[in-house]
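Copied over from TrEMBL:
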BINDING   C14, C28, C31, C37  [4Fe-4S] cluster binding site
BINDING   G67, K68, G69, G70, V71, G72, K73, S74  ATP binding site
REGION    1-28  region 'Disordered'
Amino acid sequence: MADGDIPEDANEHCPGTQSESAGKSDACEGCPNQEACATAPKGPDPDLVVIAERMANVKHKILVLSGKGGVGKSTFSAQLSFALAAMNLQIGLLDIDICGPSIPKMLGLEGQEIHQSNLGWSPVYVDDNLGVMSIGFMLPDPDEAVIWRGPRKNGLIKNFLKEVYWNELDFLVVDAPPGTSDEHISIVQCLGATGIDGAIIVTTPQQVSLIDVRKEINFCKKVGVKVLGVVENMSGLCQPLMDFKFMRTTETGEHIDVSERVREYLKEKAPELQNLIACSEVFDSSSGGAEKMCREMEVPFLGKVPLDPQLCKAAEEGRSCFIDKKCQVSAPALKIIIEKMIENNGFSSMLVDSA
């Protein structure tokens, strides 16, 4: 929406979707929204009152967005939720990626179902202080495709916000689908009156991703959502040298695994190299990556997370990357980013209160 209740593609002199003359005035002739405006119910949305009542017990709401898919947005949402819960905060994670709900797997909750009580839908809990809600818990078959148009998606998002009983929450983390479409407009409109603290935007370093992230930032500015910061994910492949697989290419182009020979050689001839971390650029970041883009668009840059195979494994296994030392390159980077987000946005006092 450009001005609250005026669609972006509306004709000049649009009376607004809530006007009694919506879809009926001379200015509406030929507008692509004419029929929808003429038949839409007028006046305040009664669902927003119910949503406001549900959200009254939620102190802070954070959206996690991305300009395009496959940049690690859901992985970041999951690890952010794990990290905040580990700080003794009450956390809810709401997955509104209707067509690609990966949060249940990334939280280790595959196969779980939603239960209903007299208070509403109960989230599925990882721990006592980390609850999750996703359409993934409603699908009879995890391989089933969700082929829904916008109104039905928006209806489910409203139901999540109206029906789910979170109890008291310090943070509600909302994992949104990529882009700036129906789900994004719906969540902003539904939560707008209750206060959205802002959005964290996840990207990868290359231009093809940053182009879309610029659109995401402009979307946030247009709808009045503060950008809490941008995270550059997959910022180079980093892992312990001894975890790499070493291959030798033959004259015929075959690859022969010589990993064991290389490791034995390093142990014998150069033991001091065994603890090194090897890094390599995966995406072209010669244009300056997310950090340069953030300076140009005047939004905070939170930091870089390397592409770590161990973090990918943690996400596949549905566990926190912070509970052991396996994610030795990604977990410290994520920790710094989350601490920076907390410090920069005045959330530090909550940590003292929860201690």
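Each position is counted from 1, following the chain as shown.
Heads up, the Cβ atoms here are built off N, Cα and C, so glycines get one too.
TrEMBL: automatically predicted annotations, no manual curation.
As the structure is a computational prediction, the values presented were derived from the model and not from experiment.
Comparing CA positions across the binding-site residues G67, G70, V71, K73, the one lying closest to C14 ([4Fe-4S] cluster binding site) turns out to be G67. Within 10 Å of the C-beta atom of C31 ([4Fe-4S] cluster binding site) sit 19 other C-beta atoms, taking all shown protein chains into account.
Note: the Cα of C28 ([4Fe-4S] cluster binding site) and the Cα of G70 (ATP binding site) are spaced 40 Å from each other. Cβ neighbours of G72 (ATP binding site) (same chain, under 8 Å, six or more residues apart in sequence): V202, T204, N233, M234, V305.
Take the mean position of the Cβ atoms of C14, C28, C31, C37, the recorded [4Fe-4S] cluster site; other residues of that chain with a Cβ within 8 Å of it are P7, A10, N11, P15, T17, A22, G23, S25, A27, N33, Q34. The candidate set comprises the binding-site residues K68, K73. Of these, K73 has the most other Cβ atoms within 10 Å. Same-chain residues that are not part of G67, K68, G69, G70, V71, G72, K73, S74 yet have a Cβ within 8 Å of the Cβ center of the ATP site turn out to be S66, P178, V202, T203, T204, S209.
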